[in-house]
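Participant: Pasting in a structure now, in structure tokens, and then I'll have a few things to ask.
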Amino acid sequence: MEEMEEELKCPVCGSFYREPIILPCSHNLCQACARNILVQTPESESPQSHRAAGSGVSDYDYLDLDKMSLYSEADSGYGSYGGFASAPTTPCQKSPNGVRVFPPAMPPPATHLSPALAPVPRNSCITCPQCHRSLILDDRGLRGFPKNRVLEGVIDRYQQSKAAALKCQLCEKAPKEATVMCEQCDVFYCDPCRLRCHPPRGPLAKHRLVPPAQGRVSRRLSPRKVSTCTDHELENHSMYCVQCKMPVCYQCLEEGKHSSHEVKALGAMWKLHKSQLSQALNGLSDRAKEAKEFLVQLRNMVQQIQENSVEFEACLVAQCDALIDALNRRKAQLLARVNKEHEHKLKVVRDQISHCTVKLRQTTGLMEYCLEVIKENDPSGFLQISDALIRRVHLTEDQWGKGTLTPRMTTDFDLSLDNSPLLQSIHQLDFVQVKASSPVPATPILQLEECCTHNNSATLSWKQPPLSTVPADGYILELDDGNGGQFREVYVGKETMCTVDGLHFNSTYNARVKAFNKTGVSPYSKTLVLQTSEVAWFAFDPGSAHSDIILSNDNLTVTCSSYDDRVVLGKTGFSKGIHYWELTVDRYDNHPDPAFGVARMDVMKDVMLGKDDKAWAMYVDNNRSWFMHNNSHTNRTEGGITKGATIGVLLDLNRKNLTFFINDEQQGPIAFDNVEGLFFPAVSLNRNVQVTLHTGLPVPDFYSSRASIA
């Protein structure tokens, strides 16, 4: 019953209703509280005064509207309009519910009479503090409102069940504890109110005062007062007016405004309304049960939210820590590359210092020797050696020619860390708000007519289905490893076309694509099978070649402008399969030593191929050849090259070896074993040599047969 307590309290005083009356809006008020919130309209602001003054529309025109509609709402004399607006010259105050309250015309009489029986000022109205609807009172004042005897009985039973102390019914502010009850007045008094309102003299001297507990018992045992008609106070209700929805007496039916209305027996309507209320309560009870279950669900959600929050925070911290760890690992890798570049630069500079020191010492020795020879006075002896000395001086001078006195390495580090994409990604790092109402994109469609392969590159194109209405934020393209292995992402972005380079030759790849948005990812498209070229077609790469290299014939023919060896690489790199290419010698003067083989992308370009650890090569003159890697010369083999000779290079990455051929004959044994990684075809030569590259060649038959036998 504790939840019912708010229903039993007056909205004005906040205490249990005392002598509650029913307003036309069906809300209840204490009689004393209703008296306190009466609003008196001054004569100067009455509608008649405004009309007499000839003024225009005012705030009190609402009163006219209500008086014109006194009988429009079931003859109740009840109208709806807003609160009054105060005039500058009229003293007033605002109550919390926005009702305008004027000072009473005279102080309330300090008598023993109930406040409801005191005279009501003229032009009074009352505003319901709950729905704020207003009513102009007639001559009966508050006596025109029926008393809610049922509510009184409910309050009595509730207070008895709570065994609460009885309160005085006449205290104007916070009611004090009652000390007596008058059986005749049926009112509980505290001592101050009893002395003020119920003095023991005159007619009141014959009243019997009893303790509050005894009075409560006698009140409960005494029959409840029967509700009387508000229009005929001496008559009890006997019938029920269906049109006005209120009990009426027989005089109302014979003489009053209900004479022409449909009426029914009071007992029958009492039972009918009780039945209707019970049925309505059943529905409300079901709703209350659902509300309790919903509250349990909400309380469980609070606990679940707490647990999910802790779990999500832990997951977020773990993800951020993983990003930090990955960044630290990448930092270590980049620092290792910087250190490697540092060591490489120092090695190159030190090697050049050593080389120049030796050559300078030789040059200085030759100069000193020539000066001493010039000092000799023996003409015949001088002429015997002068020609050779002159040639040596010119040759030495040529050796100090172009490029020799140029540093092979710059002091600057040609490395620039582009961290802007990562910073942008960090700034864009945010939570993805998944909306259940937003579906995932439709499955993309691969456009077969636009998909193709060239050499070891594949171009794929896709589109959204024509009738798709869900936009895609981007696409994810996946390829397997060419051996039927797991798929891996090769492109993520908004474009609908992508070219993938660096695939293996003579390999079969499977490709698929899916779309994504903030809600999730679509299913994969159908898998597309791609076949790369069986053999490689490529040319020399001018972008990575030394500046002294001269290319022609669509970058298939190469020579050099320097007497020193310079390196040029092919455009295509290999990391898998068997590959064969040839080079024909177009020009060969003064017996130089060109070198042929494979190299990494960062091989030294200003020395013979094989001088560093980034190249694997065979260098050859007109009589013999050598294999060279990391400046180590091995396997001298007889047989050289001349103009028109053909050099073949066979890179078998399946067996991880490199073999050379001259004029279709294998030159020496297998040159290098255990070669793996990414390799580019490479050549080093000087100005005395010109060669032409031939690609797209099948593996020699004899090698294929030997490989199949093995």
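Cβ atoms are placed via backbone N, Cα and C, with glycine included.
The zinc finger annotation in Swiss-Prot covers 10-50, 163-212, 224-266. Feature annotation from Swiss-Prot assigns phosphothreonine to Thr41. As annotated by Swiss-Prot, phosphoserine applies to Ser44, Ser46, Ser49. Residues annotated as Zn(2+) 1 binding site in Swiss-Prot, with sequence analysis given as evidence: Cys168, Cys171, Cys193, His198. Sequence annotations record features per position, and here Swiss-Prot assigns Zn(2+) 2 binding site to Cys229, His232, Cys252, His258. As annotated by Swiss-Prot, domain 'COS' applies to 374-432. According to Swiss-Prot, the feature domain 'Fibronectin type-III' maps to 440-535, an assignment based on sequence analysis.
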Participant: Work out how many Å separate Cys252 (Zn(2+) 2 binding site) and Cys171 (Zn(2+) 1 binding site) at their Cα atoms, rounded off.
Facilitator: 37
Participant: Sequence gap of 6 or more, C-beta under 8 Å: which same-chain residues meet both conditions with respect to Cys229 (Zn(2+) 2 binding site)?
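Facilitator: Listed in sequence order, they are Glu235, Asn236, His237, Pro247, Val248, Cys249, Gln251, Cys252.
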Participant: Can you tell me the CA-to-CA distance separating Cys171 (Zn(2+) 1 binding site) and His232 (Zn(2+) 2 binding site), as a whole number of Å?
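Facilitator: That comes out at 30 Å between the alpha carbons.
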Participant: Under 8 Å Cβ-Cβ from His232 (Zn(2+) 2 binding site), six or more apart in the same chain: what's there?
Facilitator: Cys249, Gln251, Cys252, Gly256
Participant: Cα-Cα, whole number of Å: His198 (Zn(2+) 1 binding site) versus His258 (Zn(2+) 2 binding site)?
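Facilitator: Cα-Cα distance, His198 (Zn(2+) 1 binding site) to His258 (Zn(2+) 2 binding site): 40 Å.
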Participant: Among the binding-site residues listed here (Cys168, Cys171, Cys252), identify the one with the smallest other-Cβ count within 10 Å.
Facilitator: Cys171
Participant: Let me know the most crowded of the binding-site residues, choosing from His198, His258 and counting other Cβ atoms within 10 Å.
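Facilitator: That would be His258, with the most Cβ atoms nearby.
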Participant: So what's the average pLDDT for the zinc finger (163-212)?
Facilitator: 86
Participant: I want to check the contact list for Cys193 (Zn(2+) 1 binding site): same chain, sequence separation of six or more, C-beta distance under 8 angstroms. What comes out?
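Facilitator: The list for Cys193 (Zn(2+) 1 binding site) reads Cys168, Leu170, Cys171, Lys176, given in order along the sequence.
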Participant: Using DSSP, break the domain 'Fibronectin type-III' (440-535) down into helix, strand and coil residues and give each count.
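Facilitator: Split into helix, strand and coil, the domain 'Fibronectin type-III' (440-535) gives 3 helix, 42 strand, 51 coil.
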Participant: By DSSP, how many residues in the zinc finger (224-266) are helix, how many strand, and how many coil?
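Facilitator: Taking each residue of the zinc finger (224-266) in turn, the totals are 6 helix, 11 strand, 26 coil.
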